[in-house]
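Student: This is the structure I want to talk about, given as structure tokens.
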Amino acid sequence: MARVGRDLKGRLVPSPCHELGCHPLDQMAERRLLILYGSQTGTAQDTAERIGREAKRRHFQCRVEALDSYDVANLINELLVVFVCATTGQGDPPDNMKMFWSFLFRKNLPPSSLCQMDYAVLGLGDSSYPKFNFVAKKLHKRVLQLGGNPLLPVALGDDQHDLGPDAVIDPWLLALWDKILALYPLPPGLEIISPDVRLPPKYTLHYLSEDSMHPDGDLLQPTAARAVPSELHPFAARMVSNQRVTAESHFQDVRLIEFDTVGSGITFSAGDVVMIQPQNCPEDVQQFCQLLRLDPDRSFLLKPTEPGTALPALLPQPCTIRHLVTHYLDISCVPRRSFFELLSYFSTNELEREKLQEFSSAQGQEELYSYCNRPRRTTLEALWDFPHTTSAIPPEYLLDLIPRIRPRAFSIASSLLAHPDRIQILVAVVRYKTRLSKPRRGLCSTWLASLNPEQGDVRVPLWVKKGGMKFPADPDTPVIMIGPGTGVAPFRAAIQERVAQGWKGNCLFFGCRQKSKDFYCQAEWEELVTKGFLTLFTAFSRDQEEKVYVQHRIQENRRLVWELLTSRSAHVYLAGNAKQMPAAVAEALQSVLQLEGGLSPSEAEKYLTVLEQTQRFQSETWS
């Protein structure tokens, strides 16, 4: 009689074999590998898919899934799992593994839950952040606690390495396959599929006949309210206004943009974030179609090559080539190594093929970095450089070759109490020079800046998610907000929210270059100061000989800062660019504690750490 047990959610299931190294024969014959990833920017997903391709070459039945798409209750039945996880922000798990994360750390999971699992964890992080690869380290430890059997020590990929995370991933993967093939040898008569052989695409593309073609209307028609808007069901919000808030003569174009969310069911608080799904500009779409000799108006259906593979959730069926390229394929992102690897298979030109193979080899990573990453060359520009290969790309490989456009996050810069049914954001339009002749442009900010609501009905797909910053619910708790540049956005929301409820005790340190050029929302702040709702300190770094930043203003006003912190239990918030500013502000706060409170340097550091741990010092920074 078959033994039964319970799965991780307590449901009755056939019991897995619990003796170490005892793999049931049917599982052995199937040689199954599960690859689960948590990815914020797409790098962990790209790496997980790379491992999936290598598994297919070794004849494994392989599934690659985002951690939150996987039914975690089945984990107890998995014998071989590779986890690939990024760490985001201040040591947080990526959005698409948050549910898995909270489930895995439930106190009531039995310590032997995963004792039949062989596993390996690959982390992707950035060693310039204090909690480097925190998620991967913690995951590795937790699976071990639950009885898992680690095949290798946790791998810690680092963005800061000259060659990027691949410097760690390449040797780790070689060791991983040695371990896995020792446990699951190749079936008799089968060999590893040679790297010269091209694997089939994830989907096949079936063109529809001319008479069933329909010109691509914008598929984002305003829809009747349904469930709360989300990534799979964004709300097509009407853009109400798009106003430049920096002087025309200022080098940086910053916009205050307002959306109408009537009927969406969207609610939010200060500190929350709006996600916006951008699109490629018509000129780039046209260029891409010309290069690949694609008819933008052709309609097609997608079918998965392997049964059980889900279709891309965000693509309509049928779909036109124009819609696919405009709304889905990220042709403006910097291409990754996997792009050049797949591209090399289509090359009919020897010179181009050699270069592509070099870019996809471990030895060619330095060269790839200076070709792609350093000058921020886009996928579309790289395709220009390999014209023979590009014109030979089979359309069904487009979804394997080019990642999807990821949504962008913006701090909400308004409060529903002050602006009901509206969302406002502060957007710095990203534009900078590299050694390439064309300036680099941010996909989302450039697209948003180009939209003109005065010229008709402009719709932008968006949804809201919880942010990392929480403001105090007690009206008597003062808040000290430090927000240079567009870092002031979440504080504008918080101040509006607090003022609408008649709460005082709002102290803002704002920094920018020049009072006359980039002092965003100046009139608004000055009015609140006059009415007694706001204490404002400004640092205009270029308005005098010596550069003055927010950290200098904190030190100059140390008596007030000390008083608010110690006598009135103020909360401190910091938002803005992650380069030098957060460290400089932390240093300024420590010097306040030392000079006003007589603390030693180590006591001051400890005081700040306690403020962080008790959520009285919160920061949200971005690079």
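Note: Cβ is positioned from N, Cα and C throughout, glycine not excepted.
Computed from a predicted structure; not experimentally measured.
Annotation source TrEMBL lists FMN binding site at 39-44, 86-89, 124-133, ASP159. Among the features that TrEMBL reports, FAD binding site is placed at ARG376, ARG408, ALA409, PHE410, SER411, GLY442, LEU443, CYS444, SER445, TRP622. If you look up TrEMBL, you'll see THR486, SER541, ARG542, LYS547, VAL548, TYR549, VAL550, GLN551 marked as NADP(+) binding site. Annotated domain 'Flavodoxin-like' per TrEMBL: 33-177, in sequence order. What TrEMBL records for 232-472 is domain 'FAD-binding FR-type'.
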Student: If we check Cα distances from SER445 (FAD binding site), which of the binding-site residues TYR129, PHE132, LYS547, GLN551 wins as closest?
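Tutor: That would be TYR129, nearest by Cα distance.
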Student: Roughly how many Å lie between the Cα atoms of VAL548 (NADP(+) binding site) and PHE132 (FMN binding site), rounded to a whole value?
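Tutor: That comes out at 31 Å between the alpha carbons.
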Student: Considering each pair of residues in ARG376, ARG408, ALA409, PHE410, SER411, GLY442, LEU443, CYS444, SER445, TRP622, all listed as binding FAD, report the largest CA to CA distance in Å, no decimals.
Tutor: 25
Student: Quick one: which of these binding-site residues, GLY42, ALA86, PHE132, have their CA within 10 A of THR486 (NADP(+) binding site)?
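Tutor: Final answer: none.
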Student: Show which residues of the chain containing ASP126 (FMN binding site), separated from it by at least 6 in sequence, have their CB under 8 Å from its CB.
Tutor: THR87, PHE132, ASP158, ASP159, GLN160
Student: In whole Å, how far is ARG376 (FAD binding site) from ARG542 (NADP(+) binding site) when you measure between their Cα atoms?
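Tutor: ARG542 (NADP(+) binding site) and ARG376 (FAD binding site) have their Cα atoms 29 Å apart.
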Student: On a C-alpha basis, identify the one among SER411, LEU443, SER541, TYR549, GLN551 that is nearest to GLY42 (FMN binding site); the candidates are the binding-site residues.
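Tutor: Closest recorded candidate to GLY42 (FMN binding site) by Cα: LEU443.
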Student: Near the Cβ of SER39 (FMN binding site), how many other Cβ atoms are there if near means within 10 Å?
Tutor: 23
Student: Grab the pLDDT values for the domain 'Flavodoxin-like' (33-177) and give me their mean, rounded.
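Tutor: Summing pLDDT over the domain 'Flavodoxin-like' (33-177) and dividing by its length gives 93.
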Student: Of all the Cα pairs drawn from THR486, SER541, ARG542, LYS547, VAL548, TYR549, VAL550, GLN551, the residues the record ties to NADP(+), which distance is largest, in Å?
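Tutor: Max Cα-Cα spread across the NADP(+) binders: 19 Å.
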Student: Roughly how many angstrom lie between the C-alpha atoms of SER411 (FAD binding site) and GLY89 (FMN binding site)?
Tutor: 14
